[in-house]
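Trainee: First, the structure itself, so that you have it in front of you.
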Ligand code: COA
């Protein structure tokens, strides 16, 4: 029996900001953002979308009625939770009509939460082979107007259905991990925007990649040549490239890995940072855009969550994979977006639920996503299924 990712769904906002527009507004050379950081566009999340609605919208695209009955665990990895107590998973379970005979809960460790979910799902299915587990990775990355991190914002959701005999990626059950108490990025309860030491965080990310890749290679007697591609957590696409460059040389296989990296960053460069979902959007991008990857090829995956937790693990591409269908799903979402001016983005950024509390109603007339957030009434979030 193989276990892994059977289906993947993606969702992001209908709005985006062009990074050249942002650079011009901030007095920067556009090439700093486009080449130096490696980001082209950035999703801008309207008040009518939060991690619950984005994850529900992503999952709704892939789940059949049978899946909803078979799912016995819903795991939500996020660092943009909607409540300090109640998990975002319970809301999604209810919005989608997933069986109530499921365990539903949320995991937090910065951008690593989605990977923790994937690994937990693997273990659960190994013990209960008929199970299906829905793993959700959704976030809204906010750093603040005019900050150095502004160019690395974004948002969206990746939903993964995990099962036995998966049709996308069979996991090897081989992984190496490393954690340390590090203050590179965090967000205290009273803030909507993250605090980050971006240069320090990049150094730690590269250290953790090297450490976990070395541990993985020693544990399983593998070298870089065993991987047809490596997908990285990509808060901005240059970050993964910097890590990859530390392990490659001038040889032909290294050049292949660089080429595959270009495929793996394509969607991330257009959507921006998804925090927990970034690695999995990169995996989608790789599988959808690579011209050379084949079923059976081994992919390395590097997951990183500030604070900090790193993990390197691997899987092989399933025989049933349909790259065109993965590409079609993501590209349809991206093609339908509306470009915002910088003032429009700044106005949207300032909107949304404040941490101060109080009733608020959002106008969802312009949001044609299936699931929307209508606001907060009497301290309760109000969601709507627009197809109901
Ligand atoms: N043309 C091309 N490249 C240019 C350029 C130009 N005109 N001007 C600058 N650059 C390059 C720089 O050389 C640098 O490249 P390098 O990193 O390969 O050396 C890159 O653009 C970024 O420039 P830098 O001066 O380092 O940018 P910055 O100080 O404004 O900050 C980040 C960049 C990424 C550190 C910042 O956006 C950030 O902190 N983001 C948040 C990251 C994060 O969330 N980390 C934690 C999650 S894992």
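Using the three backbone atoms N, Cα and C, a Cβ is placed for every residue, glycine included.
Sharing the features that TrEMBL gives for it:
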- 79: active site, proton donor/acceptor (ACT_SITE)
- 111: active site, acyl-thioester intermediate (ACT_SITE)
- 233: active site, proton donor/acceptor (ACT_SITE)
- 29, 143, 242, 273: (3S)-3-hydroxy-3-methylglutaryl-CoA binding site (BINDING)
- 3-164: domain 'Hydroxymethylglutaryl-coenzyme A synthase N-terminal' (DOMAIN)
- 174-250: domain 'Hydroxymethylglutaryl-coenzyme A synthase C-terminal' (DOMAIN)
- 265-339: domain 'Hydroxymethylglutaryl-coenzyme A synthase C-terminal' (DOMAIN)
Trainee: Taking ligand 1 as the reference and 6 angstroms as the Cβ limit (strictly under), which recorded positions among 29, 79, 233, 273 are close?
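Mentor: Only 29 qualify.
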Trainee: State which of the following recorded positions has the fewest other Cβ atoms within 10 Å around its Cβ: 233, 242.
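Mentor: With the recorded positions 233, 242, fewest surrounding Cβ atoms within 10 Å: 242.
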Trainee: Based on Cβ atoms within 10 Å, give me the single least packed residue among the recorded positions 29, 79.
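Mentor: Across 29, 79, these recorded positions, the one with fewest Cβ atoms within 10 Å is 29.
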Trainee: Provide the number of Cβ atoms within 10 Å of the Cβ of residue 143 ((3S)-3-hydroxy-3-methylglutaryl-CoA binding site), excluding the reference atom itself.
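Mentor: Summing over all protein chains shown, residue 143 ((3S)-3-hydroxy-3-methylglutaryl-CoA binding site) has 20 other Cβ atoms within 10 Å.
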Trainee: Counting across all protein chains shown, how many other Cβ atoms sit within 10 Å of the Cβ of residue 111 (active site, acyl-thioester intermediate)?
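Mentor: The answer is 31.
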Trainee: Checking your reading of the structure: which of the recorded positions 29, 111, 143 lie inside a 10 Å Cα sphere centred on residue 233 (active site, proton donor/acceptor)?
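Mentor: Near residue 233 (active site, proton donor/acceptor), where near means Cα within 10 Å, the recorded positions are 111.
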Trainee: May I ask which residues of the same chain, at least 6 positions away in sequence, place their Cβ under 8 angstroms from the Cβ of residue 273 ((3S)-3-hydroxy-3-methylglutaryl-CoA binding site)?
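Mentor: Residues satisfying the criterion: 139, 141, 152, 153, 154, 155, 234, 235, 236.
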Trainee: Over the domain 'Hydroxymethylglutaryl-coenzyme A synthase N-terminal' (3-164), what does the predicted model average in pLDDT?
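Mentor: Average per-residue pLDDT within the domain 'Hydroxymethylglutaryl-coenzyme A synthase N-terminal' (3-164): 98.
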Trainee: Hey, of 29, 111, 143, 242, which of those recorded positions are within 10 Å of residue 79 (active site, proton donor/acceptor), Cα to Cα?
Mentor: 111
Trainee: Within the domain 'Hydroxymethylglutaryl-coenzyme A synthase C-terminal' (174-250), how many residues are helix, strand or coil going by DSSP?
Mentor: 35 helix, 14 strand, 28 coil
